[in-house]
């Protein structure tokens, strides 16, 4: 570096191989981020020889999160491609400073920034490149200060390859007690020399620590050139006659055409000189296509948080990426399917006929749909994480698995349709049962519309037989018909379209006799799922004999088949236990067992068994499944499937922040699907809340708690008193509170609260507000705000569920469709915050509207919400009264 070109006060040293020199520390530019907060100070001190020296010091060790910077002015690079920085400094031992545990550091950071501009006034923190973290070999104490012992540390670091005209150096303090004594900046060169009557000039070394620079010499006076004189300037400043040197240990040279030796990549090594490649460390590998210059890598760890969602004979799987990708960018997933025996012990590959979407092997996404599975069958799905070196690793496969049991499949589509008769205003149709009914056909649905309307305006007719007479048609008009079947598992696909034109006069379709028919075989498939609108649920309290409802809807189980293992809870009617059920010819399964305590009355027995009479009518993957009842001996028991993860609210609180938004939407979709099923059966739940949603080991959510009849108390601040306990006001729709009007629309209101619970990971709705304050706030138009990081589209759906007019709330079928769209389009879930779509909606803050009257001071309020540690922050910000807190804004 040309020292004459460097301005006064720059920390700089210029030297070559034979002439080292040093300039003590001079004026540095103090800076910080933000610039006004730097703690560096220029201080003159006496060294051990009583010689005054100038230093830059900082010692702000009492406070955490220090970020103090100091930098040089611009330093021209000259011809150097690699520079060396020698730093001399002293550093205080943190153990010798009282009361600074956790805030005092014993290191600082060295940075550089290349620039062609010698007058940059402000350089942002993120523009600097870190060279290294500097630690002291020796640190001083108070005793050393008294004895005038400096304990000076010297550290040298190098930087290359430099390409711009100059550079800045910067030093970052992160909480140390340090003094910079001197900084020396230099580069190396091979000095002018004469060898074999040839003179070679001063030559700057190359940019790499192992590079050789070829230099052509010139003959001295009175000599002549027989061949071109050449020597090589090494990175250490020495001249070499031959440039062929073996690569050192820890370096390699793959090809003869390579300019120089290269340092072994990360996680690799060489154990001898002259290596052409570097071997991988134990546990690290290279794939066949990885170049020798690429670091060695590892297989990924196993995928995380696998969630399954069973929908009849289809399964949707979602998971999150492995904690470690192995240091590679080619992470992929393979899905392995196994069909297992009823006891789950023996499994074999699923074979052909199963469809994976988007694909089974080499997946780049963290979700897959598996279709066309067999009904009522146990499957195990394994998700393998793989990358380019998975095959080289002898270790076990990184896999996560889940076992699921498929449900009853919906019926296949109707394929054969017959038109028996056509008149001016009616048509008689008949059809065959679906080829695969997959259960008892409960009814058929006929959809028809005028051909010109193109399904924009259609009508539905339902029948329990395989024929229908459609009346009220227009003469000489073409109509299109579709038919589909329904079982307890739901609707199948619609048949292909059947088109015909009504007549102008009554006449048979074709042929001469009454038995003449037209046979149509479907060639085009279509699917449209519509709500049934038919009441199927039967209230067990309408039976004169309650035992008749139990016999009709619940299966009696012999008590000898049940083994009670432990008590897991206490209910109003008795204990709730976990245990095992082993039915003849079936595998043993885990079950939950509700028992009726001794000394019960006839009314208590009827109320207890009514839940079984209700549950026994439901068959849906998102509704808790009734296994049966024990009524012929004591204790009387209700047996249901066992849900390993308990209630949803407690499960969410336990796993706060562990799920992705798309996984939470999947949970909401499952609950909505179960509620749609109940709504289609005209069953009103009345107590939908996260505490009444149960979660099994596969993270499938199921609606539960069907056994309570409800009576409203006169006290407006009370909850609903029921035979099963009290139901909090905060989950209940306003019309149900005021008029005792429970409908599917009031269940939709409750579902909106459940959405809020899920997205807030089990937070209590309306926080610590009283029931009276909740009712008042809702009447005044207040609604819950979006939980943290909640997508706008989901909060908008919550607000739709909380419409004051129940007719304006969405149906559960619409909610399921909305959530399906969000799942298919994850980008719609990325926007959070922002404006609320409903301008007339006022959002609550997480504090009661009656805050100023219920708590006397800010300190009392903070203590009540477990945030008393922020009392000083509120005081410093001027929020010293309840009135001031109530008017706080997000800014």
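Numbers here mean position along the shown chain, with the first residue as 1.
Cβ coordinates come from backbone N, Cα and C, glycine included.
A TrEMBL annotation is a machine prediction, not a hand-curated record.
Record check: TrEMBL places 568, 569, 570, 571, 572, 573, 574, 575, 576 at the ATP site, and the matching candidate among 594, 603, 632 is 594. Measuring Cα to Cα from residue 94 (disulfide bond), the recorded positions that fall within 10 Å are 177, out of 59, 177, 568, 570, 574, 687.
For residue 59 (disulfide bond), the number of other Cβ atoms no farther than 10 Å from its own Cβ, over all displayed protein chains, is 16. Averaged across the domain 'Eph LBD' (1-195), pLDDT for the predicted model comes to 78. Summary of the ATP site environment: with the site residues 568, 569, 570, 571, 572, 573, 574, 575, 576, 594 set aside, the chain residues having Cβ atoms within 8 Å of the Cβ mean position are 577, 595. The recorded positions shown are 59, 104, 177, 687; of these, the one with its CA atom nearest the CA of residue 572 (ATP binding site) is 687. Applying DSSP to the domain 'Fibronectin type-III' (299-409) sorts its residues as follows: 0 helix, 52 strand, 59 coil.
Ranked by Cβ neighbours within 10 A across all protein chains shown, the recorded positions 572, 687 are led by 687. Under DSSP, residue 574 (ATP binding site) is assigned to coil, being neither helix nor strand in the three-state scheme.
Cα-Cα distance from residue 576 (ATP binding site) to residue 177 (disulfide bond): 63 Å (rounded to the nearest whole number).
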